[in-house]
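Engineer: Reproduced below are the annotations present in Swiss-Prot:
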BINDING   Trp10, Leu45, Glu66, Arg123  S-adenosyl-L-methionine binding site
Amino acid sequence: MEPGFWHEKWHQQQIGFHQQDINPFLVKYWQQLGLPADTQVFVPLCGKSLDMCFLAEQGHQVIGCELNELAVQQFFSDNQLEMTQTTVGEHQHYQTEQISLYQGDIFTLPNAITQEVTAFYDRAALIAWPESMRAQYAKQLASLLPSGSVGLLVTLDYPQEALIGPPFAVSPTWVEQHLSDDFDIEVLASQDVLADNPRFIKKAVPWLNEAAYLLKRK
């Protein structure tokens with residue numbers, strides 16, 4: 001995923017990956033992480049996801065990282081949230097009461113920003129990367145998370161040849177092979193969601209599975 005590709009998607013508002021509702025797996029499984037209300041939660045490649053509002057409503061302090069400036073600005077404007085903006089190194093920092101977003105490259109995000117994080121949520125980050133870049137992202141995510149951090153990972157899997165991503169297909173085998181060195185992995189759920197995704201039906205994708213994993217940083 002080249003930066004120019006991502007910026008163009010947002011500029012053209014070709015953001016089919018953005019969900020208009022809170023992710024059902026987040027609602028169903030987040031409480032299984034057993035987190036105190038004031039937990040700091042890291043959301044990589046957060047876009048303008050409404051899931052961050054859900055996390056804030058649980059009492060959490062949300063720290064997001066997003067490459068595209070328009071996505072960050074739309075998050076605050078769409079949700080009618082006042083914010084302050086400052087510069088932190090290479091990143092622009094947007095702050096409201098419980099949500100703190102860093103606009104810039106996740107690969108240059110300072111570890112100091114996430115050193116107090118004890119939880120994370122990845123619904124649209126891992127599946128945003130083509131396979132050639134995905135393992136590099138997974139290692140960067142692990143490097144940003146303190147040992148013992150727990151998180152919810154949501155993935156999509158389908159025959160990759162049937163559709164040009166993003167979102168890209170991430171199989172259970174890939175998760176096990178590439179994440180198990182840094183995380184303990186528990187499969188929470190896997191279900192067929194093809195009927196809920198018209199884009200995939202239109203492209204004649206034969207099947208589409210959404211899976212939820214509980215991860216714990218080793």
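Glycine residues also receive a Cβ, built from the backbone N, Cα and C atoms like all the rest.
Remember, it's a predicted structure, so these values are computed and weren't measured experimentally.
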Engineer: When you measure from the Cβ of Leu45 (S-adenosyl-L-methionine binding site), how many other Cβ atoms are you left with inside 10 Å?
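Structural biologist: There are 25 such Cβ atoms around Leu45 (S-adenosyl-L-methionine binding site).
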Engineer: CB neighbours of Arg123 (S-adenosyl-L-methionine binding site) within 10 A?
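Structural biologist: Cβ-Cβ neighbours of Arg123 (S-adenosyl-L-methionine binding site) within 10 Å number 27.
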Engineer: Given a separation of at least six residues and a C-beta threshold under 8 Å, show me what packs close to Glu66 (S-adenosyl-L-methionine binding site) in the same chain.
Structural biologist: Leu45, Cys46, Gly47, Val72, Leu101, Tyr102, Gln103
